[in-house]
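*Asks:* Features from Swiss-Prot:
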BINDING   ASP121, ASP150, LEU151  S-adenosyl-L-methionine binding site
Amino acid sequence: MAATAEVGVTATLGAAARAVATRQGLLNDPYAEPLLGAVGIDYLTRAIADHTFAADESPVGDDPAVTSLLDALAAHTRFVDEFLAEAGRAGIRQVVILASGLDTRPYRLWWPRGTTVYEIDRPRVLDFKAGVLRGLDARLATNRCAVGIDLRDDWPAALRRVGFDAAQPTAWVAEQLLVGYLKPAEQNRLLRRLTAASAAGSRLAADHLPTWDPLQLEAERAFVEGWRRRGLDIDLASLTHLGEYHYVPEYLATHGWEPAARSIADLLGGLGLGPRRGAGSGGAQFIPEYVTATRV
């Protein structure tokens, strides 16, 4: 039985994107494919091994809702990798990855001496990932601290209990989180808590979506249907909350941050990629926007 109930759909798709990008030479995540295999979704495992998502000539070339999202996830992963390296060069030694899922940055990236990476997610997600990585004899590249808690609960207190110091600058990562996964009030509370725990000089990298519109909802349905045609029953709609969301860069600008907005074209360009053939259709409607920000 597949373990998506344990690790979540977004974590699974993120691992799939990293596995594809690793085979293409765009990333170096040797753990993405084994983790995906451990989740146990046969279609994804076979598709990656067969290079199904690797080119416009592939069987999903007529479905940009699939390929465009995988490209976007891979591009943002690479962008965040570089964001964290830059934060390390600037002297930041405290990193928090919110809803870390199957991310393996504490194992696969270069880190300056003395860096601690805090990974926050539900305990069962962290336990699943740790078990698979132990079986792979994966070696940590820096100090890692797993914080098993739901982000709707008091995660700042949980961070403090394991040594997080809000007086020191932090590099924050929020991937596939500010995209409707939380209800509007929950997202606002998370951003308030993050801001309160951020000393001057802290940095944030996130993807985000403004309030979902009818075109995006239709694109989401097309995305889910694309997976179902290939035997993968993912109810992405169950992870999406409707409501009026603050535009994240504007929210940050009014709460003590200096934000810089970025587009998917910026991120794909950093990988030497352009849009997939057909990506201008409705399938790209729910590709997120991107922001980095510095606490002042």
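Cβ atoms are placed via backbone N, Cα and C, with glycine included.
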*Asks:* For ASP150 (S-adenosyl-L-methionine binding site), list the number of other Cβ atoms lying within 10 Å of its Cβ atom.
*Replies:* 13
*Asks:* Does anything in the same chain, at least 6 positions from ASP121 (S-adenosyl-L-methionine binding site), have a Cβ under 8 Å from its Cβ, and if so what?
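*Replies:* Counting only residues 6 or more apart in sequence, the Cβ neighbours of ASP121 (S-adenosyl-L-methionine binding site) under 8 Å are ALA99, SER100, GLY101, GLY148.
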*Asks:* Going by DSSP, give the three-state secondary structure for ASP150 (S-adenosyl-L-methionine binding site).
*Replies:* coil
*Asks:* If you take the centroid of the Cβ atoms of ASP121, ASP150, LEU151, the listed S-adenosyl-L-methionine site, which other residues of that chain have their Cβ within 8 Å of it?
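*Replies:* Counting only non-site residues, the set is LEU98, ALA99, ILE120, ARG122, ILE149, ARG152, ASP153, TRP155.
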*Asks:* If I restrict to non-local contacts, at least six residues apart, and a C-beta distance under 8 angstroms, what lies near LEU151 (S-adenosyl-L-methionine binding site) in its own chain?
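*Replies:* Within the chain, LEU151 (S-adenosyl-L-methionine binding site) has Cβ neighbours under 8 Å at LEU98, ALA99, ILE120, LEU177, LEU182, GLU186, LEU190.
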